[in-house]
Structures are given as C-alpha cells and as structure tokens.
C-alpha cells in the first residue's frame, strides 16, 4: 500500500485556507494556501472593455499567472528579466482565464472588464489549481464591487469554479499532489469543475506510462470529490 | 439530427494523406493533410544532447509548432516580426513535444537529440492533432536514420502515437472537427493515444457549456476510434 | 573548362515548376521550385492601406520572407524563438517588397493592400530569386481577385517581374546557382528584371575576389537570358 | 501648521512590522510592512559566484526589485508581459543591490552569492526604503544559513543597513511619506544609512521647487532619526 | 597630501568647452567636453505633447542618454543589438530628464515637447554631469527657436541647470572626477544645481566606505563651486 | 539641362573631410564628412576571434552601422528604445562589414578581430558610402596598431576600399547625392570599389522607373570616377 508522506488519505485535500481582502486596492483579493503552496489572487474591475469588444454590450474576464523567483525551491529567473514569458506561464494564464470565464455571463456583466492576477508566492505543487480556486473568490468580490456601484446589467456570476490536481503514483490514484508527489507521478491531471459538478476543463498528461480508461475514471472520481470540498471552502470564505 | 456540412458520419475522419520524405535535408519528414489542414512535419536527428543532459546516457526529443501567416483565413502576423511567441504556439509546441516523448525510450535512444518541427501551411481545424500524427511518422524515419548509422543504443520507438480532436456541436459528439465545426463546438477535446490504445494526453475544454461524465465518455469513445484509424494510416505510410 | 555538377550549360536554369493555387485562403499563391529550392509564395489582398497612407488614394504592396528551420541542410533556429529577425531575413524581405512594387501602379491599385509572404520550405540556393519570381505570380492572382470584386481603380499590374542569381565560379560566369555552386562563387549577383527587359535591382557582391567591368557585363548578359526564360514560365503558369 | 492625514508627528515612522521566515524555501525572508506598504523580501544563498568573479575568493550580493500588478491603486501592466523592465524598476534594483553590498565584507563571504528579491505586494509610498530595510533582515538570515553550513570564510556582515524616505510638503520636512504625501512633496529624498549612523546613499530630488542647504540639513536630520528607529526594529526582529 | 594625476587643484574643473550649433537639424545642440569626455547634446522642439498630456495647456521635456560603443576604453556592446536598455542608461536618462524639467515652466512652454538626446561620443568620467550641463545649452536654444516662431505662451526658461561630480579619494574630497579618479573613489556624488545656487538633485553613493555628515558637507561645498563655474561657462556660450 | 542645387558638376563629389584620430580609445578612428553628412568611424582591434573561428589561424572583421536620433531632419526613435534593430540598419551594417572584409587578408591578420563602428552623427544622404570610406581609414589605423604591437602574421591590408552613391535624377546621372537629390532619384546606386579600380559591391535600385544597360553604364562610370577621388583623399589622410 502506498502511504503519503504527509499522512493524508488518498482522497484528502491538504489544509486549505482562504484569506479574503488581503490587498487594499484590488476590488477582490485573497491569499489562498493549499498546504505550503501560497497564491495571491487579485481581481480588478474596471469600466470598459478591450477595443475589439467595444459596443458589444458584453463584458470581459482575463487572467495572468506568474511565479515569484523565490517561490520555488531553487530560485528561478524572473521572466521580466529574461524579457519573455515562458511557455508554462502562458499555458497556465490561459487556463485560469478560460476557467474563470466559465463562471461568467458576459451579458449580465455588461461592458466591464475584470482582470485577475494570480501570483504564486510559494510553490509546493498544485499552484494552478490553487490559483483557479482562489481566483474565483477574488472574482466574486470584484463582481460584488461592481454590483454595489450599480455597474452591472444583471447577475453575471452563473456558477462557481474550483480546481484540483489528481495523479497516479506507484499505481495509486491520489488527490491534490504536493511537489514531492508531483515529480513522481506517472500521470498528472488537473480538473476544473463548476460548483454544480460539471467539467470545465480536463488536462491529463501521462508523464511516465500511458493510462487506460479505468485509471482515468478513478482520477475523475477523486477530482469530483476534491472540487466539491473546495466549493464548500469557497462558500464558507465568501459567507464570512 | 445534426448533419455535418461535409456529409461525414459523426465518427468519421476527414480524408487523411501522409506524404513521406517531403523534404530532402531532414532525417524524417512528411506532409500530412487532414482535409484542408496541411502540416509539414520534419524531424532532424543530431548526435549529442542539451548541456543539462550530457553524460546521462539518455537521449532527448523536443518539438516546435508554428503557423505560416497565410495559413489562416485572414492572414495573421508573424511571431518573428512581433518578436515574441504567443501563448497558443507555446502551448501546442509543449503538447507536441510531450506527446512524442511518450513514444520514446531515452535509454535506447542514447545521447542523440531529435528535434521535430511542425509547420502549419494551411489551417482548417485540428492542426495540433495533425501535427502530432504526422510528427510520429517523421520521428520514426529519423529513428531509422540513426539506426542505419549505428548510432542507437537499442530500439527507442516503444509505441506509436496519434491524436485527434473531438467535440460536441448542438449536443452531438463528433470526430475530427474542421474550422466551421470547431468554432461552434460547446466542448472541444484533443486526445493523444498510443497505437496500443492507452491515453497519453487529454485536453478537454468547455468552450460553451460545462460537460458531464456521460458526454465525456462519448467523446472518449469517438477519440479511441479516430486514433485507431490514424494509427492504421501511419502504419501504411511507414510500410510503403 | 568548368563543368557543372548537375550537367547544366552555364546559361541554363535549373528545372523550374510553378504550382498555382497551392493554398485555399490566400487570394493568390503558388509553390515555386528552382531545382530543390521550394518557396511557398502567397499574396493576400485586403481593402484599406496602412495609417500613414490613408486618404492618399494610393495602394500598398509589402512582403515578408522567411525560412522554415528544416529548410536548410542543418536545422537553423526559428527567428520567433530567438525573438528577433536576423539581418539576412530583413534584407531579403525588403528586396522582395521593392521588387514587387516595381510591378505596380499604386493609383490604379487604389487604397488596397497586398501582403506577400515568401516562406522557404526547402533551400538549395537562389531562394530570394525564386521568392521574387513566384511572388509575382501570387501577386498577379491577388490583383485578379481584386479586379473580379470590382475593387480596383484601374489596371495596377504595369509590368511583370522575375529574378535570377548569377555568379563567377573558377573564373566562369554561370546562371542560377544551387548551394554547392553558391558557396564556391567568387562573385555572386542577384538581378531583378521586368518582363520587358529593364533592370529593377542589381545586387552584386565580390565574395572572393573583386570583379571588373568585363566580368560584370558577362554576368548581366546571363541574368538577362535567365530572367527572360523565367518571364516565359510565369506567363505559361498564369495562362494555364 | 501642516498636520499629517494619519495624525503622525513629522519625525514619526508609520507602524512597521517585520515578519521573518515568511517563506520556506529561501534561506532568509521576511514580509516587511511600512503602514499599508507590503514588501516580500527573500534572500537565497548559493555556493559559487558569477563567471567574472570566479577564482577571486570574493563573494557577491545582488538584488532585484519588482512590483506586482495589483500592488498599485490602479493595476499596472506586468513587465514580463511588456517584455522589458522599466527604468524605475532598474533604478531601484540597482539601489537595493548597492545598499546591501555596503553591509558585506566580500572576503569574509567567500565565493558565495546571495540574491535578494524584493517584491512589492502592496504599494503605499516608501516601497524602495521598505525593501532595503527588509532585505537586510533577509540577508542576515541568509548569512546565518551559510555560517551554520560552514560555508563562510569569516564574518561577512560588517554593518546593518536601513533606509527611509523624507520630504518637504507645503514647506514642512516630514519622515516616511505614504503615497498621499509623496505625490504632494516638493522635495523627495531617500536615505540609506548604516546601523552605526553613516550614510550609504542619498538620493534627493526636487520634484517641485529646488531646495537649499538649510532644507537639506533638516531632511538629513529626520532621516538619521528614522534610520535609527528602523535599525532598532531590525535588531528586535533578528533577536526574536 | 593627495595630488591629482592631471595636476588640478581639488576644487578645479577640467577644461570645459561648449561648441554650440554642432548639428544642423536639431533646434538646439552643442558638443560639450569635460576634459576628454565628449557628449553631443541635441534638443528637438516639436509642437504638441504626448497623448496623456493633451489639452492640459502644459508642455513636456524628456531626455535620452546613451553611449556609443567605442566611447569607452574597451568597446562595449550596443544596447540596440542587445535588444534592451541597461539599468545604468535608464537611470541616467531619467536623471537628465528630471534635471532639465527643473529649468522649465510648463505653462509658459505651452503644448510643445522638447526631446533632449545626450550621446556620449567619448567617456572619461562625468558623462552624466557633462550631459546635463550641455543639455541645458541645447534646451535654451530650442526654447529660443520656439520663441522666434511665436509658439510660446510665455517665458519657459525659469532657471539654468548645471551638474558636476564630486568624490572622496584617499580621504580627500575632489571636484569633477575623470575615470582614473572615479574608479578609486570611496564616495561618489553627482550634484545638479540651478544657476541661482539651489539643489535640483543629489545622488551620493558610498562605493567604498560609508560617509559622515562632515564629509557630505565638504562634498556639497565643492559641488556648489563647480556648478557656479559651469553656470558661467554656459552663460558665455549662450552669449556668444 | 538639370542643374544641381549646390552648383556641383554631375561628376563632382561634395566637399569631403577626413579627421583622423578623433577618438582616444579606439585603435583607429576618424570623423568623415561628405558635405553635411557626418559619420564617426571607429575601429577597435582585439586579440582573439569569435568562438566559431578559433584555431583557424584566421582573423575577423565585422561592422556595425547606426544613426543617432537627431541625425535626421525629424528626430527618429532610438533602436535601443524600440528594442529591435530595423531592417535598414541591419542591411547597411552587413554591407559595411562585407566591403571592409574585401580589404583584408585573414591569414595575414592572424587571430585578431577588428570591430568597426560607424555612427552617423548627421545625415544628409550618402551615409553608408561615407561610412565605408571612413571605416577604411579607421581600419588602416587599427591594422597599424596591431603591426606596431607585433601582433600580425603578415600584411593584412591588401587593398583600400571606398564607396560612393550615384543616381539618375530627371534623366541625368549624378555623383554623390545629398538628401534633396536622393529622394527625387529614379534610380539609386551604391558602389564600393577597391583602390585599384575593381568592384566590391554594386547595389542598384530602381526607385522610380526601371533602368536599362546604357543608364547602368553611365552610372558605373560616374562611380568609378568618384571612388578614385575618394581613394586619393583616403591616401592623403593616411599620409598626414
């Protein structure tokens, strides 16, 4: 039997904390922690939309993900210093944006733009799933800000969105992998789901050996459980 | 009932052609066509590996995907002129590389590097899946080149790899979407599989509405059929 | 006496093929081959002109030249990956643009823009001259497209344009150099001419020894012959 | 009489907190707050020095300063996305590096490199002075880490370093300006001092009106007081 | 006693020459020499202001500083070739701009922009102070040009501005350091002053040992003397 | 009859001055003026060659051309600020390098590198031909420096090189075009020749109407005369 280094059950999340209003300027923000992974999520709401969307009556939501140089075990070089954004950063920024857009009705948002920044202050696996889960909380607060200022055309938040990683390690499927498990995983999958239990995004990769339909089903089951738990934590944070 | 503009059955591929040895210099190459989508795949094999891998006895496989400006319906700007690679290009290059690496045993490859270039000459949906499917053929020829020159430590090609897109349009799951279907899809999924029927990569995105487990299962079934058909076509091309 | 590796006479072109309509989206396109050199030429015609030319009543023609990484014998790095366009690419893009503009009456073109892309799929010497020669065919088709759509103010194609390389190898002047000859040439010259036999551009470089007026005269004579042959091939392609 | 919006005396710092060990991976780190300004300071210590310093027996200390996009009142664009570092960022990174190097004896440090990152999570004036003050604490911890691992050639920490801003607003000199005061200041000065009361760096700028020697003397007096207070807070933090 | 290699007194400037109207196109220009340091200063005056200032009725002054590759003892790489501007260049450009803006009344300038370029043709210490001193002369001529063309709303030149370096070498404070002194300086300070004797900018750095108030006072006294001498030379140049 | 605005005969150069040793650090340098065109040419000689040439026993000569922002009538943006080198700059840098390399015997140069910088301080037509002509003088002085230091394997200067522009204006061929003529030229040609009267480079462009062999012959005749005159001026400068 595979036992986890931190003693968790295979279907158990790491301790998750969501600290809302961590920043003063952004219209919505939180510091989300999945174990030692810490992501600062901030959402700024501004009137108006990008040029290509003007006059459509529709809003826009976009996201940027990045990692501080000292977030990783060995310091990594700044992308601003390198003068270019790496493929991984691009890929995750796009994933976060797509995921959050699934929560939004653009017509109800009206011609407002919400920009979400997810900055990883410390990385210990699952940074993109923590980012999406925290970003939803920041997004909800930014939408509230627009609502309180009478800037909405309706109720744009049609769903909540949460995300979690799952993987297969030594043949066992597990939920919410920290770095030490992630590097050993044969298969690694990130799943984004709505609060009502539908899939928004599935990204599964055979890092080691290819996987079959049965393994895929087990992973999806774990992800459904994890996303449901995260949805509860989001609701608690937003209710407080 | 949804009927397809081009008259195909929902589980039917577009006409696929694979023209091997399309280039003279690369150790392996083919022009692959999925309907009107045309991708030039080339694999160059060189002795030696990147610095971080030297002395490991292991080989390396990497890939770059790009699109010619006139490949799309409306001309798109060159990334070389813009001075930076876009997120989509980065994302697909990484996907192609990961997928092909699933076909390779690095120990048997020895300290050789195979670089795969997938350049989209014309785009009509499914460019990344055509790229992966064609890249495998180019890779196999580049491996043969190394074998014929006595540069291999064993037999590095442990699997074949093929990829196909599936999606849900007006509630119906369909295989191998051309551009006109792709833009209308509620859910869009790219699936990479081995010739023996295991999954290498699953990337599913709810462009419109989130999808449930039953829809996911239908999509995976279509993808399995499509990848099996493509595997046959790869074998025929490599046998000719 | 110097004999050529491929058995050609000193004033003989390599086999040239021009395959029109190679692409579906561009308004004009062809794949042009000078021996093993393959260049994909595409011309897109769009209404409107760049900002600095608006309201002038004049059209605009511009060109971009590039080389796929596997076009050369040893794979070369992508300029998009390097993040900057090299001097050679810049220089040839400018040459192609200037050459094609000599074929056009801007007033008759009206405020339309034609963008020409010349992408070298395989390089074996003479890529810039093949690019110009093929680009003219794509340009002519793009102009026809504008004419058929009633977008022209007159007949903008005032001339045809073709280009060829000439050089001196072991003291002998030769026409249309493939790579093996090009690297040995003491003098290398690219000549762009109109269909009516005037010069548009002459770029002669003493790679090895400086050249005198007599050598220059011989080279120009060969170029006149080669351009006349290419003009015939262009006319045949456009007539088919 | 000018009274400050937050009720402070003209020679009084904002509430300052220094939370050590805020990160797990970096050898030294703290979150420093000057009122609402929050800067995450991290110092990583690695064996070896940059190539140009190898074999000298001397160590190296370098610093990078950056600001998260949502740190400012209105979100600012990421420098990684813009593809270049702005002048202000460059200038402050250089200032932080020079200031910290004044604390270090390179011979005693031996051929080790300490890289300091100061990332502004929230900006409300004085970010560069908070960065320097916090960076010293992170540096001291990174040096301790090297000492505990037996990697030092001596005691490299020869001094402590702290920094504070001073300015003239409506003719009155004041210590530690928040954003609302900073934008109104006629003269703005950043002063870096050692714990023993000498000057490391003085950067004074007449934003509005030029200043005379008497005003300069008053500003320097305030800065001496502020740096002494910060030195005490650093010692308390490092003693805890 | 410390004696200077070039025999100057500690409070003596190097020979300074200002050659006005060195360029034909710029509205103001001069070649300024501080000993062997040669800086070409040019000011171009154009109607209109940057977008963010339009309609304000206020003018704008901006500056760029750069160094030719062969200006330094060992040739340095071009920043255009490197594709990015270094921190030092950014820092000095900003300093020159801020310094010159202290000379200008924006309301009187009206919506005109003056762009100042300071290009170091040869560097021997003090390039930034020579740049500021020469830039003022070019600025004054560009203002005259606007005045003569009736484009001013008043008299924008409210002050003259000059700059000089001072430093401590072997414990002795000295004025206007050439390169051989600059590299040996324990403390290095650049001081920008108005013609009427107030401070615009003070940038002091302890390169070697921190400095105390007494040393600071001595340095400021030398700088006052040097700037007064430079102000005289500027007036002579502008009077000629 | 076409008369020239500055009263010159059609085969007459503008006043040319060559001021040697304009810089102190570079091993060779001159300020060359063709009328109002001013180019600062500098050649630095260093031991060693680029990595790809090491161990060959051969030297290397390379060149960079650039223009100061205020060199042109309307100020142009700095390429360092834009973050990329333009096509024209690339093209001319390559031309200058090729031209100067024609003067050099690499074996005699030995493993030394000469880097030539041509910076246009003021532009009034003919900047690239002035650059080449001045660069030869700087190169000759840099070679002398190597010779005097015993670093040469032989006599590397096998030829002198000079360049001039010619063009057709209103049907008349003219030598050495200033800006006002250059913009009106139907055909514009730059010719680089050796001191012994052979051609190194010919770049002719039909800006307006294509040109015929007779016109080409006239232009070449003018260029031969102009280059011969410039060769004399180079010899005088180097003899002084």
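Heads up, the Cβ atoms here are built off N, Cα and C, so glycines get one too.
Pulled from TrEMBL:
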| type | residues | note |
| --- | --- | --- |
| BINDING | A:88, A:126, A:127, A:128 | phosphate binding site |
| DOMAIN | A:12-142 | domain 'Exoribonuclease phosphorolytic' |
| DOMAIN | A:161-226 | domain 'Exoribonuclease phosphorolytic' |
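Considering other CB atoms within 10 Å as the measure, the emptiest surroundings among the binding-site residues A:88, A:126, A:127, A:128 are those of A:88. Applying DSSP to the domain 'Exoribonuclease phosphorolytic' (A:12-142) sorts its residues as follows: 45 helix, 43 strand, 43 coil. When the domain 'Exoribonuclease phosphorolytic' (A:161-226) is classified with DSSP, helix, strand and coil residues number 18 helix, 30 strand, 18 coil.
Of the residues the record lists as binding phosphate, namely A:88, A:126, A:127, A:128, the two whose Cα atoms sit farthest apart are 14 Å from each other.
Other than the site residues A:88, A:126, A:127, A:128, same-chain residues with C-beta atoms no more than 8 angstroms from the centre of those residues' C-beta atoms, the phosphate site, are A:65, A:92, A:120, A:123, A:125, A:129, A:130, A:131, A:190.
For the domain 'Exoribonuclease phosphorolytic' (A:12-142), the model's average pLDDT works out to 96.
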